[in-house]
Amino acid sequence: MNNINNNKPFSAKRSMRLACVRLGLALCLCASLAVSAQDDPEDEEMILDLTREDGTQSETGPEPSAELLRCNKAPWRMPGQYLVILREGRHESHVQRTIRRLRAKAARRGYLVDIQQTYSGALHGFLVKMSGDVLHLAVKLPHVHYIEEDSSIFAQSVPWNLQKILQPYGTSENGTYKPPNDGSLAQVYLMDGSVHTSHRELKGHVLLTDFNHVPEEDGVRVHRQASQCDSHGTHMAGVLSGADSGVARGVGVNLVRVLNCQGKGTVSGALAGLEYIRATLITRPLDAVVVLLPFVGGFSRSLNAVCREMVSNGVVVIAAAGNYREDACLYSPASEPEVITVGAVNSADQLMSQGAGGTNFGRCVDLFAPGDDIVSASSDCSTCFTSRSGTSQAAAHAAGIAAVILSANQKASPVQLLHSMLRYSVSNNINLLSVPEPQRLPTQNLITAMPPVSVSTNGELLCRSVWSDRSRVRAVSRCRHGEEMMGCSSYAPDGSRVGETIDENSGQMECVAYSGPGGKGVYAVARCCVLAGLQCHIHSSPTPGQDAECERPETHLTVSCPAGWTLTDCNAVSHGSIFGPVAKGNSCHVHSASGAGGAVGIAVCCHIRDDGQPVLH
(Lines of atoms letter the chains of each structure in order from A and count residues from 1; the text may use other names and numbers.)
(Lines give C-alpha, C1' and ligand atoms only; values in the text may rest on other atoms or scores of the structure.)
Protein backbone atom coordinates (compact mmCIF):
# COMPACT_ATOMS: atom_id res chain seq x y z
CA MET A 1 0.00 0.00 0.00
CA ASN A 2 2.86 2.26 0.71
CA ASN A 3 4.12 1.44 -2.76
CA ILE A 4 0.83 2.51 -4.22
CA ASN A 5 0.74 5.78 -2.39
CA ASN A 6 4.34 6.44 -3.25
CA ASN A 7 3.73 5.74 -6.97
CA LYS A 8 0.81 8.16 -7.44
CA PRO A 9 2.74 11.35 -6.92
CA PHE A 10 5.57 9.93 -9.02
CA SER A 11 3.18 9.15 -11.91
CA ALA A 12 1.67 12.62 -11.83
CA LYS A 13 5.04 14.28 -11.92
CA ARG A 14 6.15 11.96 -14.65
CA SER A 15 3.06 12.73 -16.70
CA MET A 16 3.63 16.44 -16.33
CA ARG A 17 7.25 16.07 -17.39
CA LEU A 18 6.28 14.00 -20.41
CA ALA A 19 3.69 16.59 -21.38
CA CYS A 20 6.27 19.34 -21.10
CA VAL A 21 8.72 17.36 -23.16
CA ARG A 22 6.11 16.74 -25.82
CA LEU A 23 5.07 20.38 -25.82
CA GLY A 24 8.70 21.43 -26.09
CA LEU A 25 9.29 19.04 -28.95
CA ALA A 26 6.20 20.30 -30.71
CA LEU A 27 7.29 23.91 -30.26
CA CYS A 28 10.77 23.03 -31.48
CA LEU A 29 9.34 21.23 -34.49
CA CYS A 30 7.12 24.18 -35.34
CA ALA A 31 10.03 26.55 -34.96
CA SER A 32 12.13 24.28 -37.12
CA LEU A 33 9.47 24.17 -39.79
CA ALA A 34 9.11 27.93 -39.66
CA VAL A 35 12.83 28.40 -40.10
CA SER A 36 12.84 25.81 -42.86
CA ALA A 37 9.99 27.50 -44.64
CA GLN A 38 11.78 30.85 -44.47
CA ASP A 39 15.05 29.37 -45.70
CA ASP A 40 13.60 27.18 -48.51
CA PRO A 41 9.93 27.89 -49.23
CA GLU A 42 10.18 26.15 -52.62
CA ASP A 43 10.88 22.79 -50.95
CA GLU A 44 7.70 23.16 -48.90
CA GLU A 45 5.78 24.16 -52.05
CA MET A 46 7.21 21.10 -53.78
CA ILE A 47 5.81 18.90 -51.00
CA LEU A 48 2.46 20.70 -51.18
CA ASP A 49 2.42 20.32 -54.98
CA LEU A 50 3.04 16.61 -54.71
CA THR A 51 0.27 16.46 -52.10
CA ARG A 52 -2.12 18.33 -54.40
CA GLU A 53 -1.29 15.89 -57.16
CA ASP A 54 -2.60 13.18 -54.83
CA GLY A 55 -5.96 14.96 -54.66
CA THR A 56 -5.55 17.91 -52.31
CA GLN A 57 -6.22 21.29 -53.96
CA SER A 58 -4.57 24.59 -53.09
CA GLU A 59 -6.78 27.29 -51.67
CA THR A 60 -5.03 29.93 -53.77
CA GLY A 61 -5.99 28.34 -57.11
CA PRO A 62 -3.81 27.08 -60.00
CA GLU A 63 -0.52 28.77 -60.90
CA PRO A 64 -0.62 30.68 -64.23
CA SER A 65 1.13 28.81 -67.05
CA ALA A 66 4.31 30.23 -68.56
CA GLU A 67 4.43 31.22 -72.22
CA LEU A 68 5.90 28.69 -74.67
CA LEU A 69 7.88 30.25 -77.54
CA ARG A 70 9.13 28.63 -80.76
CA CYS A 71 11.36 29.87 -83.59
CA ASN A 72 9.41 31.40 -86.49
CA LYS A 73 11.59 29.36 -88.90
CA ALA A 74 10.30 25.80 -88.51
CA PRO A 75 13.34 24.03 -90.10
CA TRP A 76 15.63 25.70 -87.55
CA ARG A 77 13.77 24.45 -84.47
CA MET A 78 15.34 21.91 -82.08
CA PRO A 79 12.45 19.95 -80.53
CA GLY A 80 13.15 18.42 -77.12
CA GLN A 81 15.63 21.12 -76.04
CA TYR A 82 14.28 24.15 -74.16
CA LEU A 83 15.40 27.33 -72.43
CA VAL A 84 13.48 27.80 -69.15
CA ILE A 85 13.66 31.50 -68.22
CA LEU A 86 12.58 32.75 -64.77
CA ARG A 87 10.86 36.05 -64.02
CA GLU A 88 12.84 39.21 -63.28
CA GLY A 89 14.13 39.59 -59.73
CA ARG A 90 14.88 35.88 -59.31
CA HIS A 91 18.36 34.66 -58.46
CA GLU A 92 20.52 31.57 -58.62
CA SER A 93 18.77 29.82 -55.71
CA HIS A 94 15.47 30.07 -57.59
CA VAL A 95 17.11 28.43 -60.60
CA GLN A 96 18.28 25.47 -58.51
CA ARG A 97 14.93 25.10 -56.76
CA THR A 98 13.06 25.19 -60.06
CA ILE A 99 15.37 22.49 -61.39
CA ARG A 100 14.66 20.33 -58.32
CA ARG A 101 10.91 20.85 -58.69
CA LEU A 102 11.04 19.91 -62.37
CA ARG A 103 13.04 16.77 -61.68
CA ALA A 104 10.64 15.75 -58.91
CA LYS A 105 7.57 16.25 -61.10
CA ALA A 106 9.18 14.35 -64.00
CA ALA A 107 10.37 11.48 -61.80
CA ARG A 108 6.90 11.07 -60.31
CA ARG A 109 5.63 10.30 -63.82
CA GLY A 110 8.58 8.14 -64.79
CA TYR A 111 10.45 10.70 -66.92
CA LEU A 112 14.01 11.96 -66.80
CA VAL A 113 15.24 15.47 -67.57
CA ASP A 114 18.77 16.41 -68.61
CA ILE A 115 19.97 19.84 -67.45
CA GLN A 116 22.50 21.09 -70.02
CA GLN A 117 23.34 24.59 -68.79
CA THR A 118 22.33 27.18 -66.18
CA TYR A 119 22.26 30.96 -66.67
CA SER A 120 22.66 33.59 -63.94
CA GLY A 121 23.67 36.74 -65.81
CA ALA A 122 21.27 38.95 -67.75
CA LEU A 123 18.75 36.09 -67.56
CA HIS A 124 18.17 33.51 -64.86
CA GLY A 125 17.19 30.07 -66.08
CA PHE A 126 18.49 26.84 -67.52
CA LEU A 127 18.72 24.74 -70.68
CA VAL A 128 17.04 21.35 -70.41
CA LYS A 129 16.39 18.35 -72.63
CA MET A 130 12.95 16.93 -71.91
CA SER A 131 9.99 15.27 -73.59
CA GLY A 132 6.77 16.98 -74.55
CA ASP A 133 5.00 15.43 -71.56
CA VAL A 134 7.46 17.03 -69.14
CA LEU A 135 7.18 20.32 -71.05
CA HIS A 136 3.52 20.55 -70.04
CA LEU A 137 4.62 20.28 -66.40
CA ALA A 138 7.42 22.82 -66.80
CA VAL A 139 5.15 25.63 -68.02
CA LYS A 140 3.21 25.42 -64.71
CA LEU A 141 6.24 25.79 -62.42
CA PRO A 142 6.29 28.90 -60.16
CA HIS A 143 8.62 31.76 -61.13
CA VAL A 144 8.92 30.54 -64.77
CA HIS A 145 8.38 33.54 -67.06
CA TYR A 146 8.56 31.70 -70.39
CA ILE A 147 10.02 28.61 -72.04
CA GLU A 148 11.71 28.97 -75.43
CA GLU A 149 12.42 26.01 -77.68
CA ASP A 150 16.09 26.03 -78.68
CA SER A 151 16.86 26.71 -82.33
CA SER A 152 19.79 26.87 -84.73
CA ILE A 153 21.75 30.00 -85.60
CA PHE A 154 23.97 30.38 -88.65
CA ALA A 155 27.04 32.32 -89.68
CA GLN A 156 26.01 34.90 -92.27
CA SER A 157 28.89 34.41 -94.64
CA VAL A 158 27.54 32.72 -97.75
CA PRO A 159 29.84 29.83 -98.86
CA TRP A 160 32.12 30.99 -101.63
CA ASN A 161 30.53 28.76 -104.25
CA LEU A 162 27.01 30.04 -103.58
CA GLN A 163 28.24 33.62 -103.37
CA LYS A 164 30.01 33.14 -106.69
CA ILE A 165 26.87 32.19 -108.58
CA LEU A 166 24.72 35.01 -107.18
CA GLN A 167 24.02 38.16 -109.16
CA PRO A 168 25.45 40.75 -109.13
CA TYR A 169 28.36 38.50 -108.28
CA GLY A 170 28.17 38.84 -104.50
CA THR A 171 25.90 38.21 -101.56
CA SER A 172 22.23 39.11 -101.68
CA GLU A 173 21.00 42.33 -100.14
CA ASN A 174 20.48 40.80 -96.68
CA GLY A 175 23.68 38.76 -96.66
CA THR A 176 22.01 35.42 -97.33
CA TYR A 177 21.73 33.13 -100.32
CA LYS A 178 18.51 34.04 -102.11
CA PRO A 179 18.09 32.93 -105.73
CA PRO A 180 15.12 34.09 -107.85
CA ASN A 181 13.24 30.89 -106.93
CA ASP A 182 13.99 27.55 -105.29
CA GLY A 183 13.71 25.38 -108.40
CA SER A 184 10.69 23.54 -107.02
CA LEU A 185 8.94 23.34 -110.41
CA ALA A 186 11.78 21.27 -111.90
CA GLN A 187 12.94 17.68 -111.43
CA VAL A 188 16.54 16.43 -111.62
CA TYR A 189 17.48 12.84 -112.42
CA LEU A 190 20.83 12.22 -110.74
CA MET A 191 22.78 9.26 -112.14
CA ASP A 192 25.22 8.37 -109.38
CA GLY A 193 25.78 5.99 -106.46
CA SER A 194 23.41 5.97 -103.52
CA VAL A 195 22.23 8.87 -101.32
CA HIS A 196 21.91 9.18 -97.53
CA THR A 197 18.28 10.31 -97.72
CA SER A 198 17.87 10.81 -93.94
CA HIS A 199 20.51 13.56 -93.90
CA ARG A 200 19.01 16.78 -92.54
CA GLU A 201 20.04 18.59 -95.73
CA LEU A 202 18.06 16.22 -97.93
CA LYS A 203 14.93 15.14 -96.05
CA GLY A 204 11.98 15.10 -98.40
CA HIS A 205 14.01 16.11 -101.46
CA VAL A 206 15.44 12.82 -102.75
CA LEU A 207 13.57 9.87 -104.26
CA LEU A 208 15.50 6.61 -104.59
CA THR A 209 14.18 5.03 -107.78
CA ASP A 210 14.03 1.26 -108.18
CA PHE A 211 16.76 1.32 -110.84
CA ASN A 212 20.09 -0.26 -109.88
CA HIS A 213 22.68 -1.25 -112.50
CA VAL A 214 26.22 -1.30 -111.09
CA PRO A 215 29.26 -3.52 -111.69
CA GLU A 216 30.98 -5.66 -109.07
CA GLU A 217 33.65 -3.85 -107.12
CA ASP A 218 37.31 -4.47 -107.85
CA GLY A 219 39.08 -6.60 -105.22
CA VAL A 220 35.95 -7.05 -103.09
CA ARG A 221 34.47 -10.50 -102.51
CA VAL A 222 31.16 -9.33 -101.09
CA HIS A 223 29.24 -6.75 -103.08
CA ARG A 224 28.25 -3.89 -100.78
CA GLN A 225 24.69 -2.65 -100.64
CA ALA A 226 23.71 0.80 -101.85
CA SER A 227 23.23 2.03 -98.29
CA GLN A 228 26.89 1.36 -97.57
CA CYS A 229 28.31 3.60 -100.28
CA ASP A 230 26.43 6.84 -100.61
CA SER A 231 29.31 9.31 -100.23
CA HIS A 232 29.53 10.82 -103.74
CA GLY A 233 25.78 10.76 -104.37
CA THR A 234 24.98 12.38 -101.01
CA HIS A 235 27.44 15.21 -101.68
CA MET A 236 26.00 15.76 -105.16
CA ALA A 237 22.42 15.81 -103.89
CA GLY A 238 23.46 18.33 -101.24
CA VAL A 239 24.99 20.67 -103.82
CA LEU A 240 21.82 20.38 -105.87
CA SER A 241 19.11 20.74 -103.25
CA GLY A 242 20.60 20.84 -99.74
CA ALA A 243 18.64 22.91 -97.22
CA ASP A 244 21.75 24.96 -96.36
CA SER A 245 24.32 24.07 -99.04
CA GLY A 246 22.13 23.60 -102.11
CA VAL A 247 21.83 25.74 -105.23
CA ALA A 248 18.13 24.95 -105.89
CA ARG A 249 16.74 24.08 -102.47
CA GLY A 250 13.28 23.11 -103.64
CA VAL A 251 14.15 20.92 -106.61
CA GLY A 252 13.18 17.26 -106.52
CA VAL A 253 16.07 14.81 -106.97
CA ASN A 254 15.47 11.34 -108.41
CA LEU A 255 18.41 8.97 -107.94
CA VAL A 256 19.20 6.48 -110.69
CA ARG A 257 22.01 4.26 -109.39
CA VAL A 258 24.69 3.48 -112.00
CA LEU A 259 27.87 3.76 -109.87
CA ASN A 260 29.09 1.23 -107.31
CA CYS A 261 30.72 1.90 -103.95
CA GLN A 262 34.02 2.68 -105.67
CA GLY A 263 32.37 5.29 -107.89
CA LYS A 264 32.67 3.02 -110.90
CA GLY A 265 30.06 2.17 -113.51
CA THR A 266 29.85 0.99 -117.11
CA VAL A 267 28.74 2.50 -120.40
CA SER A 268 26.13 -0.25 -120.65
CA GLY A 269 24.83 0.61 -117.18
CA ALA A 270 24.62 4.31 -118.06
CA LEU A 271 22.71 3.45 -121.25
CA ALA A 272 20.28 1.34 -119.22
CA GLY A 273 19.84 4.18 -116.73
CA LEU A 274 19.08 6.68 -119.49
CA GLU A 275 16.60 4.23 -121.01
CA TYR A 276 14.94 3.94 -117.59
CA ILE A 277 14.61 7.75 -117.37
CA ARG A 278 13.24 7.90 -120.92
CA ALA A 279 10.61 5.26 -120.16
CA THR A 280 9.66 7.02 -116.92
CA LEU A 281 9.17 10.34 -118.70
CA ILE A 282 6.98 8.69 -121.33
CA THR A 283 4.80 7.28 -118.56
CA ARG A 284 4.86 10.46 -116.49
CA PRO A 285 5.69 13.44 -118.76
CA LEU A 286 7.26 16.50 -117.15
CA ASP A 287 8.00 19.91 -118.64
CA ALA A 288 11.09 20.89 -116.66
CA VAL A 289 13.54 17.98 -116.44
CA VAL A 290 17.32 17.94 -116.01
CA VAL A 291 19.44 14.79 -116.24
CA LEU A 292 22.73 15.19 -114.35
CA LEU A 293 25.63 12.95 -115.37
CA PRO A 294 28.47 13.55 -112.85
CA PHE A 295 30.83 11.02 -114.44
CA VAL A 296 33.01 10.51 -117.51
CA GLY A 297 34.33 7.58 -119.49
CA GLY A 298 36.35 7.28 -122.66
CA PHE A 299 34.74 8.47 -125.88
CA SER A 300 31.61 6.40 -126.51
CA ARG A 301 29.56 6.78 -129.66
CA SER A 302 26.68 4.87 -128.04
CA LEU A 303 26.55 6.99 -124.88
CA ASN A 304 26.73 10.21 -126.88
CA ALA A 305 23.95 9.03 -129.20
CA VAL A 306 21.56 8.25 -126.33
CA CYS A 307 22.27 11.63 -124.71
CA ARG A 308 21.68 13.37 -128.04
CA GLU A 309 18.36 11.58 -128.50
CA MET A 310 17.26 12.56 -124.99
CA VAL A 311 18.00 16.25 -125.68
CA SER A 312 16.05 16.07 -128.94
CA ASN A 313 13.05 15.02 -126.84
CA GLY A 314 13.30 18.19 -124.75
CA VAL A 315 15.33 16.95 -121.78
CA VAL A 316 18.24 19.05 -120.52
CA VAL A 317 21.35 16.90 -120.08
CA ILE A 318 24.26 18.30 -118.04
CA ALA A 319 27.58 16.46 -117.69
CA ALA A 320 30.89 16.81 -115.89
CA ALA A 321 33.83 17.75 -118.12
CA GLY A 322 36.21 15.37 -116.31
CA ASN A 323 39.14 15.78 -113.93
CA TYR A 324 42.06 14.75 -116.17
CA ARG A 325 43.37 18.16 -117.27
CA GLU A 326 42.85 17.20 -120.89
CA ASP A 327 40.62 18.01 -123.82
CA ALA A 328 37.06 17.21 -122.73
CA CYS A 329 36.30 16.06 -126.27
CA LEU A 330 38.24 12.86 -125.50
CA TYR A 331 35.57 11.78 -123.00
CA SER A 332 31.88 10.87 -122.96
CA PRO A 333 29.28 12.12 -122.35
CA ALA A 334 31.26 15.39 -122.13
CA SER A 335 32.09 15.28 -125.85
CA GLU A 336 28.47 15.18 -127.05
CA PRO A 337 27.69 18.63 -128.57
CA GLU A 338 24.04 18.55 -127.43
CA VAL A 339 25.04 18.02 -123.78
CA ILE A 340 25.83 21.01 -121.55
CA THR A 341 29.36 20.18 -120.41
CA VAL A 342 30.70 21.89 -117.29
CA GLY A 343 34.29 22.46 -116.17
CA ALA A 344 35.39 23.54 -112.69
CA VAL A 345 36.98 26.69 -111.24
CA ASN A 346 38.18 27.57 -107.75
CA SER A 347 37.31 30.52 -105.51
CA ALA A 348 39.84 32.70 -107.37
CA ASP A 349 38.08 32.06 -110.71
CA GLN A 350 40.96 29.91 -111.90
CA LEU A 351 40.84 26.42 -113.35
CA MET A 352 40.47 23.77 -110.66
CA SER A 353 43.67 21.81 -110.05
CA GLN A 354 44.02 18.46 -108.25
CA GLY A 355 47.65 17.43 -108.05
CA ALA A 356 48.59 16.13 -111.49
CA GLY A 357 44.95 16.39 -112.55
CA GLY A 358 42.43 19.16 -112.80
CA THR A 359 39.44 20.26 -114.80
CA ASN A 360 39.20 19.31 -118.44
CA PHE A 361 38.91 22.11 -121.01
CA GLY A 362 38.54 22.75 -124.73
CA ARG A 363 35.75 23.44 -127.20
CA CYS A 364 33.48 20.75 -125.72
CA VAL A 365 33.23 22.64 -122.41
CA ASP A 366 30.27 25.03 -122.59
CA LEU A 367 30.96 26.86 -119.33
CA PHE A 368 32.62 26.55 -115.92
CA ALA A 369 31.18 26.49 -112.40
CA PRO A 370 32.50 26.32 -108.81
CA GLY A 371 34.09 22.91 -108.26
CA ASP A 372 36.90 23.29 -105.74
CA ASP A 373 36.55 22.84 -101.96
CA ILE A 374 32.76 22.60 -102.09
CA VAL A 375 31.09 21.98 -98.71
CA SER A 376 27.99 19.79 -98.82
CA ALA A 377 26.25 16.89 -97.09
CA SER A 378 28.36 13.94 -95.94
CA SER A 379 27.15 10.35 -95.67
CA ASP A 380 29.07 9.88 -92.39
CA CYS A 381 26.04 10.93 -90.34
CA SER A 382 22.71 12.72 -90.73
CA THR A 383 24.21 16.07 -89.66
CA CYS A 384 27.73 15.73 -91.12
CA PHE A 385 29.24 17.89 -93.85
CA THR A 386 32.38 17.47 -95.92
CA SER A 387 34.38 19.25 -98.62
CA ARG A 388 34.94 17.76 -102.07
CA SER A 389 36.32 18.98 -105.38
CA GLY A 390 35.74 18.04 -108.99
CA THR A 391 33.82 18.70 -112.17
CA SER A 392 30.99 16.58 -110.71
CA GLN A 393 30.41 19.34 -108.16
CA ALA A 394 30.66 21.95 -110.92
CA ALA A 395 28.04 20.12 -112.98
CA ALA A 396 25.75 19.99 -109.94
CA HIS A 397 25.96 23.79 -109.61
CA ALA A 398 24.99 24.16 -113.28
CA ALA A 399 22.12 21.70 -112.83
CA GLY A 400 20.84 23.72 -109.87
CA ILE A 401 20.92 26.94 -111.87
CA ALA A 402 19.16 25.15 -114.74
CA ALA A 403 16.41 24.06 -112.33
CA VAL A 404 15.92 27.67 -111.20
CA ILE A 405 15.68 28.93 -114.80
CA LEU A 406 13.31 26.11 -115.80
CA SER A 407 11.09 26.80 -112.79
CA ALA A 408 10.62 30.32 -114.17
CA ASN A 409 10.08 29.10 -117.74
CA GLN A 410 9.06 25.45 -117.85
CA LYS A 411 8.57 25.48 -121.62
CA ALA A 412 12.17 26.49 -122.39
CA SER A 413 13.92 24.11 -124.75
CA PRO A 414 17.37 22.70 -123.90
CA VAL A 415 19.07 25.09 -126.30
CA GLN A 416 17.11 28.08 -124.96
CA LEU A 417 18.19 27.10 -121.47
CA LEU A 418 21.83 26.91 -122.56
CA HIS A 419 21.69 30.37 -124.10
CA SER A 420 20.07 31.77 -120.97
CA MET A 421 22.86 30.29 -118.84
CA LEU A 422 25.49 31.71 -121.19
CA ARG A 423 23.85 35.13 -121.15
CA TYR A 424 24.13 35.47 -117.37
CA SER A 425 27.57 33.90 -117.06
CA VAL A 426 30.56 35.97 -115.97
CA SER A 427 33.00 36.34 -118.86
CA ASN A 428 36.76 36.68 -119.20
CA ASN A 429 37.68 36.11 -115.53
CA ILE A 430 39.58 32.85 -116.05
CA ASN A 431 43.29 32.82 -116.80
CA LEU A 432 43.57 30.22 -119.57
CA LEU A 433 47.35 30.34 -119.98
CA SER A 434 47.64 26.88 -118.42
CA VAL A 435 45.50 25.43 -121.21
CA PRO A 436 47.54 24.01 -124.13
CA GLU A 437 47.63 26.35 -127.11
CA PRO A 438 45.46 24.26 -129.49
CA GLN A 439 42.58 24.24 -126.95
CA ARG A 440 43.08 27.71 -125.48
CA LEU A 441 41.11 29.75 -128.00
CA PRO A 442 38.12 27.38 -128.24
CA THR A 443 37.79 27.14 -124.44
CA GLN A 444 34.86 29.27 -123.30
CA ASN A 445 35.92 31.85 -120.69
CA LEU A 446 32.56 31.76 -118.90
CA ILE A 447 31.60 31.04 -115.27
CA THR A 448 27.94 30.23 -114.79
CA ALA A 449 25.88 32.53 -112.56
CA MET A 450 22.32 32.79 -111.33
CA PRO A 451 19.99 35.16 -113.21
CA PRO A 452 19.33 38.24 -111.04
CA VAL A 453 15.56 37.74 -111.36
CA SER A 454 13.24 35.13 -112.77
CA VAL A 455 13.66 35.45 -116.52
CA SER A 456 11.96 34.17 -119.61
CA THR A 457 13.89 33.02 -122.65
CA ASN A 458 11.07 33.92 -125.02
CA GLY A 459 11.39 36.91 -127.34
CA GLU A 460 15.16 37.24 -126.99
CA LEU A 461 17.81 36.90 -129.65
CA LEU A 462 20.69 34.99 -128.04
CA CYS A 463 23.86 33.93 -129.83
CA ARG A 464 27.07 32.04 -129.10
CA SER A 465 30.26 31.07 -130.91
CA VAL A 466 30.91 27.40 -131.64
CA TRP A 467 34.49 26.40 -132.46
CA SER A 468 35.71 23.40 -134.40
CA ASP A 469 38.86 21.41 -133.83
CA ARG A 470 41.93 22.87 -135.50
CA SER A 471 42.56 21.28 -138.89
CA ARG A 472 45.42 21.61 -141.37
CA VAL A 473 43.03 21.16 -144.29
CA ARG A 474 39.31 21.65 -143.61
CA ALA A 475 37.62 22.50 -140.31
CA VAL A 476 33.87 22.16 -139.69
CA SER A 477 31.68 23.67 -136.98
CA ARG A 478 27.95 23.01 -136.45
CA CYS A 479 25.17 24.50 -134.36
CA ARG A 480 22.99 22.56 -131.94
CA HIS A 481 19.51 21.31 -132.60
CA GLY A 482 17.20 24.33 -132.33
CA GLU A 483 19.86 26.93 -133.22
CA GLU A 484 20.19 28.88 -136.45
CA MET A 485 23.60 29.54 -137.99
CA MET A 486 23.73 33.30 -138.46
CA GLY A 487 27.39 33.62 -139.36
CA CYS A 488 30.61 31.76 -140.13
CA SER A 489 34.23 32.81 -139.76
CA SER A 490 37.66 31.21 -139.51
CA TYR A 491 40.81 31.71 -137.47
CA ALA A 492 44.39 30.61 -138.12
CA PRO A 493 47.02 31.20 -135.40
CA ASP A 494 49.69 31.78 -138.06
CA GLY A 495 47.45 33.71 -140.45
CA SER A 496 47.41 30.91 -143.00
CA ARG A 497 43.75 30.69 -143.91
CA VAL A 498 42.06 30.57 -147.27
CA GLY A 499 38.55 31.47 -146.14
CA GLU A 500 35.27 29.98 -144.99
CA THR A 501 31.82 29.16 -146.27
CA ILE A 502 28.46 27.89 -145.05
CA ASP A 503 27.46 24.54 -146.55
CA GLU A 504 24.53 22.21 -146.05
CA ASN A 505 25.18 18.59 -145.17
CA SER A 506 22.31 16.12 -144.63
CA GLY A 507 19.94 18.97 -143.83
CA GLN A 508 22.27 20.62 -141.31
CA MET A 509 24.18 23.84 -141.86
CA GLU A 510 27.95 23.67 -141.48
CA CYS A 511 30.54 26.41 -141.12
CA VAL A 512 33.54 25.22 -143.15
CA ALA A 513 36.99 26.84 -142.94
CA TYR A 514 40.01 26.08 -145.15
CA SER A 515 43.65 26.23 -144.13
CA GLY A 516 46.32 27.74 -146.34
CA PRO A 517 49.17 25.67 -147.80
CA GLY A 518 51.85 24.83 -145.26
CA GLY A 519 49.89 26.42 -142.44
CA LYS A 520 49.58 25.17 -138.86
CA GLY A 521 45.85 24.72 -139.17
CA VAL A 522 42.59 26.64 -139.07
CA TYR A 523 39.49 26.82 -136.84
CA ALA A 524 35.94 27.18 -138.13
CA VAL A 525 33.78 29.40 -135.90
CA ALA A 526 30.00 29.28 -136.33
CA ARG A 527 27.77 31.97 -134.87
CA CYS A 528 24.72 30.10 -133.58
CA CYS A 529 21.58 31.93 -132.44
CA VAL A 530 18.22 31.03 -130.98
CA LEU A 531 14.87 32.81 -130.98
CA ALA A 532 11.44 31.24 -130.77
CA GLY A 533 9.90 31.44 -134.25
CA LEU A 534 13.02 32.84 -135.95
CA GLN A 535 13.67 31.56 -139.48
CA CYS A 536 16.96 32.15 -141.29
CA HIS A 537 17.89 31.55 -144.89
CA ILE A 538 21.34 31.39 -146.44
CA HIS A 539 21.74 32.95 -149.93
CA SER A 540 24.72 32.74 -152.24
CA SER A 541 24.85 36.50 -152.70
CA PRO A 542 23.26 38.09 -149.62
CA THR A 543 22.48 41.79 -149.62
CA PRO A 544 24.63 43.34 -146.89
CA GLY A 545 23.05 45.39 -144.13
CA GLN A 546 24.59 48.42 -142.51
CA ASP A 547 27.74 46.65 -141.38
CA ALA A 548 29.93 48.23 -138.71
CA GLU A 549 33.44 48.84 -140.00
CA CYS A 550 36.87 49.81 -138.70
CA GLU A 551 39.57 50.58 -141.30
CA ARG A 552 42.57 51.55 -139.19
CA PRO A 553 45.88 49.78 -139.98
CA GLU A 554 46.11 48.12 -136.57
CA THR A 555 46.96 44.53 -135.63
CA HIS A 556 43.93 44.15 -133.33
CA LEU A 557 40.52 45.63 -134.04
CA THR A 558 37.37 45.34 -131.97
CA VAL A 559 33.91 46.13 -133.29
CA SER A 560 31.06 45.87 -130.80
CA CYS A 561 27.31 45.89 -131.20
CA PRO A 562 25.44 48.73 -129.48
CA ALA A 563 23.36 48.15 -126.38
CA GLY A 564 20.20 46.23 -127.14
CA TRP A 565 21.69 44.61 -130.24
CA THR A 566 23.13 41.09 -130.60
CA LEU A 567 26.19 40.07 -132.61
CA THR A 568 25.12 37.44 -135.15
CA ASP A 569 28.16 37.41 -137.44
CA CYS A 570 31.78 38.51 -137.31
CA ASN A 571 34.00 38.82 -140.36
CA ALA A 572 36.92 40.76 -141.75
CA VAL A 573 38.50 42.03 -144.94
CA SER A 574 42.26 42.60 -145.13
CA HIS A 575 44.75 43.96 -147.61
CA GLY A 576 47.24 41.41 -146.32
CA SER A 577 47.32 38.46 -143.96
CA ILE A 578 45.01 38.21 -140.97
CA PHE A 579 44.70 35.45 -138.37
CA GLY A 580 40.95 35.74 -138.62
CA PRO A 581 37.94 37.34 -136.95
CA VAL A 582 36.83 36.01 -133.54
CA ALA A 583 33.39 36.58 -132.02
CA LYS A 584 33.50 36.92 -128.23
CA GLY A 585 30.37 37.90 -126.39
CA ASN A 586 28.87 40.83 -128.27
CA SER A 587 32.08 42.00 -129.97
CA CYS A 588 33.96 41.08 -133.14
CA HIS A 589 37.76 40.91 -132.75
CA VAL A 590 40.06 40.98 -135.78
CA HIS A 591 43.74 40.03 -135.49
CA SER A 592 45.95 40.91 -138.45
CA ALA A 593 49.61 40.17 -139.01
CA SER A 594 52.09 42.95 -138.35
CA GLY A 595 52.67 45.01 -141.49
CA ALA A 596 49.70 43.46 -143.27
CA GLY A 597 48.36 46.85 -144.29
CA GLY A 598 45.32 46.99 -142.05
CA ALA A 599 41.98 45.25 -141.94
CA VAL A 600 38.27 45.95 -141.88
CA GLY A 601 36.24 44.38 -139.09
CA ILE A 602 32.61 43.65 -139.85
CA ALA A 603 30.08 43.02 -137.11
CA VAL A 604 26.56 42.07 -138.09
CA CYS A 605 24.20 43.08 -135.29
CA CYS A 606 20.54 42.21 -134.89
CA HIS A 607 17.68 42.89 -132.54
CA ILE A 608 13.96 42.24 -132.46
CA ARG A 609 11.61 44.89 -133.80
CA ASP A 610 8.29 45.61 -132.15
CA ASP A 611 6.61 43.48 -134.80
CA GLY A 612 8.79 40.52 -133.78
CA GLN A 613 11.04 40.47 -136.88
CA PRO A 614 14.86 40.61 -136.61
CA VAL A 615 16.56 43.77 -137.86
CA LEU A 616 20.11 44.08 -139.22
CA HIS A 617 22.37 46.94 -138.20
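Just so you know, glycine gets a Cβ as well, placed from its N, Cα and C.
Note that TrEMBL annotation is computational and uncurated.
For reference, TrEMBL has these:
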ACT_SITE  ASP192  active site, charge relay system
ACT_SITE  HIS232  active site, charge relay system
ACT_SITE  SER392  active site, charge relay system
DOMAIN    189-423  domain 'Peptidase S8/S53'
DOMAIN    457-531  domain 'Proprotein convertase subtilisin/kexin type 9 C-terminal'
DOMAIN    549-608  domain 'Proprotein convertase subtilisin/kexin type 9 C-terminal'
SIGNAL    1-37  signal peptide
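Here the features listed in TrEMBL are painted onto the structure.
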residue : record                           : CB count, 10 Å
ASP192  : active site, charge relay system : 27
HIS232  : active site, charge relay system : 23
SER392  : active site, charge relay system : 28
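For the domain 'Proprotein convertase subtilisin/kexin type 9 C-terminal' (457-531), residue counts in helix, strand and coil come to 0 helix, 46 strand, 29 coil, using DSSP. You'll find the Cα of HIS232 (active site, charge relay system) roughly 8 Å from the Cα of ASP192 (active site, charge relay system).
In this structure, SER392 (active site, charge relay system) is part of a helix by DSSP. Here SER392 (active site, charge relay system) is positioned 10 angstrom away from ASP192 (active site, charge relay system), judged by their C-alpha atoms. Classification of HIS232 (active site, charge relay system) by DSSP places it within a helix. Per-residue confidence over the domain 'Peptidase S8/S53' (189-423) averages out at a pLDDT of 93.
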